[in-house]
């Protein structure tokens, strides 16, 4: 019939179902009657509690038909499926970066805000988000709780481990619809898709040159400043970026972290490994 006889006096929202109406009133009262026995977190609705409780188990009942990745909620699976289609419907007006979901865009927009209320007690670095602070603090503790069962490599966050595992399985679930090329992560697919569109959303304010990726713009901007602030203590060579210095230092230490899965030969730089792998 479409009748909604139950109207909320607080906000005017109407309901056809009395049970939904009663649950809605609890929201205004701040009452969350359903509590998780594992962590104490409280929820307004019983189904929200049930969905939450999957976090405390290894159960992932919602499986992607494309790549087999499991998720604890139907919404999580639906969000993941967008990675396979390559849809990026939400664009940041500040920098042009695109996102699969509105919530990811909202989270990103905080990086453009000057407001950073979350402060690290160890080093004073500020963050716009609480989870960003939490992840940063692992640097000080050295904690890397997510361990690869194949090779023992540890990671600070679970998504890093999940991506790393694909180096062992050689899984490449993200396919470009334009050329058929496949990628291990959705991010790499999005970066690749720009090669088909020719889009270069990141523009240098100094000279107007445009780039497909923000990292390329950041590197380019150093050519205007001429700054080489990172100095090698071994040989005195200076670099414009800390990661360039870190790679250079491997020549002194002999560290070769990039290993070929085919022949076990190791390299100090990832691009050298990629060039080598073409020989197989």
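A Cβ is built for glycine as well, from the same backbone N, Cα and C atoms used for every other residue.
Taken straight from Swiss-Prot:
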- 6-28: zinc finger (ZN_FING)
- 34-56: zinc finger (ZN_FING)
- 62-84: zinc finger (ZN_FING)
- 90-112: zinc finger (ZN_FING)
- 118-140: zinc finger (ZN_FING)
- 146-168: zinc finger (ZN_FING)
- 174-196: zinc finger (ZN_FING)
- 202-224: zinc finger (ZN_FING)
- 230-252: zinc finger (ZN_FING)
- 258-280: zinc finger (ZN_FING)
Quiz item: Which numbers of helix, strand and coil residues does DSSP report for the zinc finger (6-28)?
Solution: 11 helix, 4 strand, 8 coil
Quiz prompt | Contacting positions for the zinc finger (62-84) when only residues 6+ beyond its ends and CB under 8 Å are counted | solution = 51, 54-55, 100-101, 171, 173-175, 186, 189
Practice problem: On the DSSP side of things, how many residues of the zinc finger (90-112) fall into helix, strand and coil, could you say? | Solution: 11 helix, 4 strand, 8 coil
Self-check item: Average pLDDT across the zinc finger (6-28), rounded to a whole number
Solution: 84
Self-check item: Sequence-remote partners of the zinc finger (146-168) [C-beta within less than 8 Å, at least six residues beyond its ends]
Solution: 135, 138-139, 184-185, 261
Quiz prompt | Residues in the zinc finger (258-280) grouped by DSSP into helix, strand and remaining coil | solution = 8 helix, 4 strand, 11 coil
Quiz item: Apart from its near flanks, which chain residues at least 6 from the ends of the zinc finger (118-140) lie with a Cβ under 8 angstroms of it?
Solution: 107, 110-111, 156-157
